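Student: Handing you a structure now.
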Amino acid sequence: MENNGKEEEVPENANEHCPGPQSDNAGKDDACAGCPNQEVCATAPKGPDPDLVGIAERMATIKHKILVLSGKGGVGKSTFSAQLSFALASKNYEVGLLDIDICGPSIPKMLGLEGQDIHQSNLGWSPIYLESNLGVMSIGFMLPNPDDAVIWRGPRKNGLIKQFLKDVDWGDVDYLVVDAPPGTSDEHISIVQYLHATGIDGAIIVTTPQQVSMIDVRKEISFCKKVGIPILGVVENMSSLRQSIPDLKFMKMGMNGDNEKDVTQWAMDYIKENAPDLLSMVVCSEVFDSSAGGATQMCIDMGVPFLGKVPMDPQLCKAAEEGRSCFTDRKCNVSASALEKIVGKLLAIHHQ
């Protein structure tokens, strides 16, 4: 299909006689009825956008732009985005973290920045700075009440994402980490459209090991390939539960699974007396079924890089709840070392 002399890509699952996603009739033509892309096409911006010049100018001071995506919610994508930002900042890079999960902005909580307000200057919106080299922007800073629901249609979400990209004064930044919502919704189409001209390094896709998660991740990988986003790699989060024995809680159950009784103190005393070496060990348990090979096998099947596994670590969950880095103390030994290896691989990609 030709559009102003340029070939326009039509989605593979589009209806016959599709007018094209950039057509003025996109999503409105008779041929669009029943198409799975109808709502997205109808609400997506059409034609050249005059704001793209402003976005390109603003993004020119940012060296690397990384999208963090997931096929479904609840896989730890925002936790990974936050800890990736902490890790890069700890290596003395200038880092920006942009939260475009409009309906579920959890980044302010995960960086301990709840209740902060955005300030404006003649240069634009100023990010909220956790450290001198780690700035954050999120709709969560704009809500008068953190419990308020954001009930917006696609065009309004797109407008805010555009404003974040055009009006936030990041300054000179080495890495901009963009935490996107789950799936392949309007927000994804917008961020790709607005950033394509400025250069996207690529996407990191976060999943959990079980098939129900990777079914959706495969769609996310397909989305990236169709819109031309390089895939930096896949991270398998919550790959297994790993917890030190002193952090365990022991319960004695009744015959029918009821009448729970906390026997932690007895168990710990018994271990100290009879098997003290166990206190320095870590318990490992497979929480999700990975018998099909998990993310490692999926990456082989789909021809994309695998960055590594991050175990389910209660100490990492606690760090995210408390809005702190998992790298600053020795409580998150298991997860911090896994994340460090993944960050090392990313830096190696950029330094090739």
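Note that the numbers count up from 1, one per residue, in the order the chain is shown.
Glycine too: its Cβ is placed from the backbone N, Cα and C atoms.
Predicted automatically and left uncurated, TrEMBL annotations should be read as such.
Remember, predicted model here, so these are calculated numbers, not experimental data.
So TrEMBL says this about it:
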| type | residues | note |
| --- | --- | --- |
| REGION | 1-30 | region 'Disordered' |
| BINDING | C18, C32, C35, C41 | [4Fe-4S] cluster binding site |
| BINDING | G71, K72, G73, G74, V75, G76, K77, S78 | ATP binding site |
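Situate these features within the shown structure.
Tutor: A 10 Å cutoff on Cβ-Cβ distances gives V75 (ATP binding site) a total of 22 other Cβ atoms nearby, all chains included.
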Student: Including all protein chains displayed, how many Cβ atoms other than that of K72 (ATP binding site) lie within 10 Å of its Cβ?
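Tutor: Around the Cβ of K72 (ATP binding site), 19 other Cβ atoms lie within 10 Å.
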Student: At a 10 Å cut-off from the C-beta of C41 ([4Fe-4S] cluster binding site), count the other C-beta atoms across all protein chains.
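Tutor: Taking every protein chain into account, the count is 24.
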Student: Which residues, same chain and not among G71, K72, G73, G74, V75, G76, K77, S78, have a CB within 8 angstroms of the centroid of the CB atoms at the recorded ATP site?
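Tutor: Filtered neighbour residues, in order: S70, P182, V206, T207, T208, S213.
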Student: Cβ distance under 8 Å to S78 (ATP binding site), same chain, sequence separation 6 or more: which residues?
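Tutor: Set apart from S78 (ATP binding site) by at least 6 residues yet with Cβ under 8 Å, we have D99, D101, S106, I107, M110, D179.
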